[in-house]
Amino acid sequence: MSEIHISFDVPSYLIDHYYITGISSLILNLFVVYLIIYHSGKLDSYRFYLLAFQISCMLSDLHISIVAQPIGFFPIPAGYGYGIGHYLFSSHTMFKIFSFLLSGQIEVLTICFFRKHKAIMNLANPLGSSSAVYLCIYVMCGLYTCVMATSIFISAETREEQLRVLDNLYNSLSANFHTLDDFIYYVSNEKMMFSYGLIFGGTLKTAVIINILALRMVNGLKKVENRLSTNTLSRHRVALRCLILQFLTAPIAFIPACVLAIEIWFPNENSQQISRIAFMCMPTHSVFNSIVVVLTYPEFRKKLYFWKRKSTETTSVRVSWLRNSNS
């Protein structure tokens with residue numbers, strides 16, 4: 001085994017980034033949740049699916065940026081949680097929760113696509129799509145998240161076994177691991193390989209399904225556009241456009257996880273720094289997703305414009321009042 005140099009110091013810039021991103025994400029996500037609940041009348045029941053995805057994004061990013069704050073020892077598949085969650089949970093538990101939230105976030109987005117697909121397909125053939133079929137698909141999406149999180153849970157070895165493997169593979173670093181109160185090292189075994197397979201398989205599955213659904217929805221709207229009112233057609237197009245843009249921001253959340261896996265399989269001298277950059281990218285996803293939602297839906301843009309105009313008018317009144325008072 002070639003010599004591996006790993007820093008066990010806590011990078012202050014990474015912790016500062018976690019807090020700044022986490023607080024910014026919370027404020028922006030709560031604002032979007034407010035808009036969805038109180039200013040999305042034209043979205044009908046679909047707004048509950050959009051709300052579910054927004055909340056899943058918020059919880060996922062808050063967990064990694066505030067609760068877990070992972071500190072990795074890449075290219076070794078090891079690390080620990082530095083956030084407030086370490087007072088309540090082990091590092092392994094925090095990683096299991098994060099994998100559940102991240103997978104759930106992707107599956108909720110998939111459900112949103114299926115929900116909008118059902119609505120658009122019903123425009124062409126109201127009797128063509130069974131609600132029971134879609135309900136089964138929703139249940140399967142939820143089960144996949146549970147299976148993936150369970151595979152992570154059962155893949156961990158005992159602390160004694162982890163230290164034994166580290167002593168054998170990384171003898172020069174094992175003393176540092178012995179000094180840590182809590183950490184997780186994922187031993188490369190059949191259980192861990194199964195988890196990797198579920199992660200990459202789930203990512204590929206989602207990409208393929210969403211691309212197929214998006215293409216079908218675009219073609220479906222083209223077929224029925226002459227039979228729909230302008231408002232109805234515009235409403236479906238806006239929702240579809242927002243979904244596609246949300247899907248395009250999703251890689252911000254899961255590509256860093258793929259980068260971490262690559263750094264484990266193909267280690268290099270910069271693996272630890274690359275992993276820290278990946279960790280910095282992960283909690284920014286919901287920020288970009290929130291911006292997409294606000295800028296895509298006309299109802300939300302109008303609300304922002306109303307507030308801006310109201311603020312400008314208030315400022316103008318105050319300036320006028322001050323001028324009159326001085327005169």
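Each Cβ is built from the backbone N, Cα and C atoms, and glycine gets one as well.
Note: TrEMBL annotation is automatic and uncurated.
Taken from TrEMBL, the feature transmembrane segment covers 18-37 (among others).
Non-local neighbours of the transmembrane segment (49-74) in the same chain are 6, 8, 10-11, 14-15, 18-19, 21-22, 25-26, 29-30, 32-33, 36-37, 40, 43, 80-85, 94-95, 97-98, 101-102, 104-105, 108-109, 111-112, 115, 183, 246, 253, 260, 263-264, 267, 271-272, 274-276, 279, 282-287, 289-290, 293; each lies 6+ residues outside the stretch with a CB under 8 Å from one of its CB atoms. Marked as transmembrane segment by TrEMBL: 49-74 (among others).
Remote same-chain partners of the transmembrane segment (94-114), defined as residues 6 or more beyond its termini with a Cβ less than 8 Å from a stretch Cβ, comprise 49-50, 52-53, 56-57, 59-60, 63-64, 67-68, 70, 81, 83, 85-86, 134, 137-138, 141-142, 144-146, 148-149, 152-153, 184, 199, 202-203, 206, 209-210, 213-214, 243, 246-247, 250, 253-254, 257. Here TrEMBL flags 94-114 (among others) as transmembrane segment.
Residues or ranges marked as transmembrane segment by TrEMBL: 135-156 (among others). Proximity of distant same-chain residues to the transmembrane segment (135-156), defined by a Cβ-Cβ separation under 8 Å and at least 6 residues beyond the stretch ends, is recorded for 92, 95-96, 99-100, 103-104, 107-108, 110-111, 114, 184, 186, 189, 191-192, 194-195, 198-199, 202, 205.
According to TrEMBL, the transmembrane segment annotation covers 193-218 (among others).
As annotated by TrEMBL, transmembrane segment applies to 238-265 (among others). With a cut-off of 8 Å between Cβ atoms, the residues of this chain six or more beyond the transmembrane segment (238-265) that come close are 43, 46, 53, 57, 60, 72, 74-77, 102, 105-106, 109, 112-113, 116, 120, 196, 199-200, 203, 210, 214, 217-218, 221, 271, 274-275, 278-279, 281-282, 284-285, 288-289, 292-293, 296-298.
Beyond the transmembrane segment (277-300), the same-chain residues lying 6 or more positions past its ends with a Cβ under 8 Å from any Cβ of the stretch are 14, 17-18, 21-22, 24-25, 28-29, 31-32, 35-36, 39-43, 50, 54, 57-58, 60-62, 64-65, 70, 72, 238, 241-242, 245-246, 249-250, 252-253, 255-257, 259-260. Marked as transmembrane segment by TrEMBL: 277-300 (among others).
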